[in-house]
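Take a look at the structure below.
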Amino acid sequence: MTELKCRKKDNLDANKEEEERKHEPAVQKTKPVKTEEDEVSNGRNGADKQQKDEGEVKKEDAQHKEDTSKTPESTVQRSSNSSAGFLQRLVRVFFGSLAAVACGMLYAAYLSAYHDRKFWFSTRQELEREITFQGGSGLYYYYYKQMLTATPFDRGFYELMQDNRTVAGQTLNAVERFSLYPELITSFIYRFTGSEEFVEPIYFYIGAVFGLQAVYVTALFVCSWVMSGTWVAGMLAVAWYVINRPDTTKVDYAIPLRDNWALPYFSCQVAALTGFLTNNISSATELFCYLTMSATTFTFLLVWEHSHYVLFLQGLCLFLLDAFDLLPSRKMAEIHMVYVSALLLAFFLQFKNATLLSSPLVSLLIGTLVARNYQQKMKTGPFLSRVMKLFVYFHLVFTTGITFSYLVKKCVQGEESDFFLKFLEVKFGLNTTTDFITNFLLCQESFQAPGQDLFLRLTQASVLPFYLLVLTVCLLSTLQTIYRRLSGQPMKTNLRLEDGRIGEQPEVIYHVFHTLLFGGLALLFDGMKYLWTPYVCMFTAFGVCSPDLWMTVFRWLKLKSIHPVVLSLILSTAVPTIIGFSLWREYCPRVLADLSEVQEFYDPDTVELVSWIKSQAPAAAVFAGSPQLLGTVKLCSGSAVTSLPLYTDINLLRRTEDTYQVYAMRSAEDIYKILTSHKTNYVIIEESTCNELSLNKGCRIKDLLDISNGHVVYDKGEVYSFSKHGRFCQEIKMNYSPYTNYFTRVFWNRSYHVYKVNSVISFQY
């Protein structure tokens, strides 16, 4: 009985090897040779079996000779097919790249024309042009102008590092504090390329920003193209981006803001990361994506003070991919190297900025690196075991990261982190406070929840309904993939369209996590929509143009009446075509109308104020006022100020609170002491702030000051302001003592009143 089992096993092995020889390539020139196992098996089976095997070998040799005779023809055919395929891919890449560059250039030209039409920029004087930089963003352009006049250039750079002419009574490193590398690089290029002979400095500056916006939309185009496989998705992504411009960019009204310099680099980094995560790419393409990702990550960290928070959110998405074993460990280790090298370079170029050391991104990297030694052991076992190990892994990573962050903050001893935690407590309703700065920031539009008009605009542009469809399909497919991985099933790297598994593509999984995380924050903070909405446009365009998404739906529905592959290819072409034509018909006239409508932005009162400061005020004078106005004053006159529109610096925010006391119910003596402590010579009172009328009374500057100063009385659910002193900004206009003892009005118009802070107090009754 044992002998029969052995013979049966040997026969099966012999048959298996014969089947393998039959499927060998025809180009093999050596004859099939019997192995020792075949000979032993044949010896055991007897003479009849041996004759049968010899007959099969002869038949196999004849077939092999026939295939060999056809080898040259098949080789030539394969060569011609590969050449045709390569040529087809080359043509597709050429026209796709041409379309991407064309979209970027057209968008930059549109921005330039719209900006000139809105502000009548080309017909304005230099002072009026500078005032168009709204929201306090003009401060950055001031440093650009300063570097253009610095002689030599390195001397100007040194003066920025030891700046004592911006904030009165303080010497600060302006390059580190305000992230001025964009202005340094732009001014250097302008000076040393001889551009002053061809273009004005202000046009060169805004042209650089508009050029980066072209790079922004081009990167979105490429990202959608890489994921879907068709550049039609890129064109649809750009169309949605332009249509939803009020919710995708701030470049329309505040050109010099750091966001407008930094987000194009982040878009390029996401596009490079998308290509790097893609399966089955060549080593050259992977190297190119890796180098691009490294350069753009470093630049992004260098030009924006909030960039490490954005990269932390991106790192969380990648951490989830790695934890669920959806990404090769090699690629994850290389991405960590990109983060670490970029952080180190940015740390030294930002003059050893301690904020980077205590950033959540560094804590996440430390926790991941420490827990990596135990990660491989946690990716084995049955489903429940792996889930429990996954929770342990999460706990280990975040516990290590939080511990490291706590130790660093204890060593650095910065109050920014403590303030940030208190701010989040109040934001999420876990605590209440009367602190002016906390309530002031919560009342800023960027930190408030978005209104319904955002989602209404996205729905009218047809992007939100399709986004929800694409997100639902990709999310469900991703959850299926995660379940299969936790159950021990391997991921398929060579996916075919027939498989209908869009959730097994690492780049798609990353973008699902990306849009969910950023979308959740956009529901809490309106300012996050500028990071979320552009990728909503890109992700939606990818989905409707991807045959894999439609094939995934048809696989779930088990469609049999029509071939699902054919139908998915038809829908991936028909749906974006219909969307494109509808957008063209409805929104193209609106976009062009923005260029034809006469829009005039002119602020004569501010022009008059700045002209008076430049002509009448001493060069060494120090001005106090609202941060946004002081940014304009600094840009246009160069005078020192008491505060600046920078909401990431606690010291500047405290100085802002002191300056805003002119709108509180404080005595003239109190205001005089506060202003003189900051070496103020002139204080500017704005009518719009002093007599502000708003439905949201709790967010008016004077209301926040009354709450902070304890000048509030609660009676039967109503809130009333009460103090033994009148409101300073209103009382000082009466020109009676004791206000005239401390202050003298030197300029006024409909919007502004300027008072000189008397150096010698005159007691007049």
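Note that Cβ sites are derived from N, Cα and C of the backbone, with glycine treated the same way.
Listed in TrEMBL:
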COMPBIAS  9-26  compositional bias 'Basic and acidic residues'
COMPBIAS  46-70  compositional bias 'Basic and acidic residues'
COMPBIAS  71-81  compositional bias 'Polar residues'
REGION    1-81  region 'Disordered'
TRANSMEM  90-110  transmembrane segment
TRANSMEM  202-220  transmembrane segment
TRANSMEM  225-243  transmembrane segment
TRANSMEM  287-304  transmembrane segment
TRANSMEM  335-351  transmembrane segment
TRANSMEM  357-375  transmembrane segment
TRANSMEM  387-408  transmembrane segment
TRANSMEM  464-486  transmembrane segment
TRANSMEM  507-525  transmembrane segment
TRANSMEM  531-553  transmembrane segment
TRANSMEM  565-584  transmembrane segment
Chain residues outside the transmembrane segment (464-486) and at least six past its termini with a C-beta under 8 angstroms from it: 324-326, 383, 386-387, 390, 455, 458, 501-504, 508-509, 511-512, 515-516, 536, 539-540, 542-544, 549, 552-553, 579
Sequence-remote partners of the transmembrane segment (565-584) [C-beta within less than 8 Å, at least six residues beyond its ends]: 228, 230, 232-233, 235-236, 239-240, 243, 461-462, 466, 497-498, 541, 544-551, 554, 559
Per Cβ pairs under 8 Å, the stretch of 90-110, 225-243, 287-304 packing most closely against the transmembrane segment (507-525): 225-243
